[in-house]
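Notes follow once the structure below has been shown.
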Amino acid sequence: MARAVRAGILGASGMTGGELLRILASHPGVEVEWATSREYAGKPVHTAHPHLRGFYTGLKYTSIDKIDIGEVDVVFNALPHGVGASIVAEAYENGVRVVDLSADYRLRDQSLYPKLYGFKHPRPDLLEEAIYALPEIYGEKLRGARLAAVPGCNATAAILAAAPLVASKIIDMDVGIIVDVKAASSEAGSKPSRHSIHPLREGSARPYTPWGHRHAAEAVQVLRDLVGRGIRLSLVPHAVSMTRGVLASAHALLRDNIGFSEAVRAYASFYKDSQIVRVKPMAPGLPVDPPDVKNVIGSMFAEVGFAVEEESGRITGFAAIDNLVRGAAGQAVYAMNAMLGFDEWEGLRSPPLRP
């Protein structure tokens, strides 16, 4: 029997790091060699993640300055944006595969980083090397890749909702797409803030960064790859009262003489090979439930749907995902599987939780 792949996790005490540990605990081909945390260094993994008590019994958090990058086969970077970019580059240069869950290698245009993330990228030469880890579009490129950039959760949902519209060219590209996103509180991470604490988040719904969310740049980059031209896209997220999940609604104007039947073909064709996207067309008289985050929680599944408003000539694409699994740790494990030659769904076959 071949030895297990040795993995290291940078930033393993946050919500994304915890979800990554949860998924890897059931992966038969991976052993976590080290997991870093500044706050919990020297303490067991379950100190930060009590639901993992009984797993990783011999593993304690370590500080970044004590890790040996070269002793692992793959590094997952779950550190805050900008913090781990140089460590990722070091791992890459030492022949270690890297799966980056931060935004540090998602965008190929280095000029966007100061504007969107507040730092000058330390290794712009590696931006073109990173494969954007969205299986439905870049799955083939992930196989054997050395550096994978895990999409943002809002970007994942936005792209899944809008990609069939763009790829099929059934919408007016010059008018563009407006994406409305409903985002759960876990998207804000484990550190409490003025707007993320329960008394202020529960029962609330509010927009945030409506003047140009960072994840819009990811969506534009991917949609441009699909059609080979620029596209206008606005993404406005809303903080809503749920713990997990993202629901994206992508609004666009159909081209003349395009209707429901063309939309059915567009979505069916785009997702025909996907094992984890459930396509749910919506129209009067169709006995189909709409995409719902409740149907995908805890899983890699995405529910995608669309509706056509004949009177206005508009179409809305929808996508519901779990922000911590499909929008983060699950896509990271999928990328690792593809990069290292595992079955791509190893460790990811769990059905969703409901209710």
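Positions of Cβ are set from backbone N, Cα and C atoms, glycine also.
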Legend entry - Residue from Asn323, Asn337 that Swiss-Prot also lists as binding NADP(+) with Ser13, Gly14, Met15, Thr16: Asn323
Inset, instruction - Compute the C-alpha separation of Cys153 (active site) from Asn323 (NADP(+) binding site), stating it in Å without decimals. - result: 5
Inset, instruction - State the count of C-beta atoms found within 10 angstroms of the C-beta of Asn323 (NADP(+) binding site), not counting that atom itself. - result: 28
Legend entry - Coarse DSSP state, helix versus strand versus coil, of Met15 (NADP(+) binding site): helix
